[in-house]
Ligand code: APR
């Protein structure tokens, strides 16, 4: 019985219509990362940053989970060992697909965070610059997402899970953003078998022992089926 740790990225939600960050048609293509995904960009132009995340939040509310999200939920439900699910995604498609315990290391579109006092609450559909924090009233509401230069959430729990992993899978992530791109090394050091499941080889593909390429809606259900029947 395995101690499975799964890391997912934008690629798992691509076939649901969420759009990935990098590559043709990617979300970053027409925008500079520094403008919409850094604390400095938010300080410079909060209206632009809110507009970017408002649009993504509205998009996320419209899309449905796909066969890959549902297969992972099935694995969590039916696998007799441990299955830890870590996602870099800020959408809620894992939850909508039936996953209960999802570690959102880059935060969630559904959340608002006060930059002044760290209070968290449910984000409205449209966040606006200067929106007051319900706890301290500072006009400092921001999306509860992790920007470049900020520390991802839940790192202690994640590193603990990786240190005990016997099987690590990275699904739909380009391997360009750390620390997530380094999780395969942590798992390898812990003695885990490592699998990359992606449309195409990622930037860190050579770190993996096994690779499976193709659309997530096909590769992930097939992988889960193998785990549940072997
Ligand atoms: N099935 C499987 N993989 C896919 C599919 C698909 N249908 N479509 C695209 N992919 C793969 C791409 O080949 C790519 O390797 O998904 C990956 C998406 O990469 P990115 O867009 O870079 O997304 P991700 O790795 O999640 O980005 C990491 O960067 O921008 C920040 O904080 C943001 O969480 C994000 C982080």
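Quick reminder: no glycine exception, Cβ is built from N, Cα and C everywhere.
When 73, 187, 216 are compared with the NAD(+) site residues 88, 89, 90, 91, 172, 173, 174, 198, 199, 200 in TrEMBL, the one appearing in that site is 216.
For the binding-site residues 90, 114, 117, 133, 216, the ranking by surrounding Cβ atoms (within 10 Å, all protein chains) places 216 first.
Considering only the binding-site residues 56, 114, 117, the residue whose Cα is spatially closest to the Cα of residue 199 (NAD(+) binding site) is 56. Within the set of binding-site residues 53, 117, 133, the entry lying nearest in space to residue 90 (NAD(+) binding site) is 53 (CA atoms).
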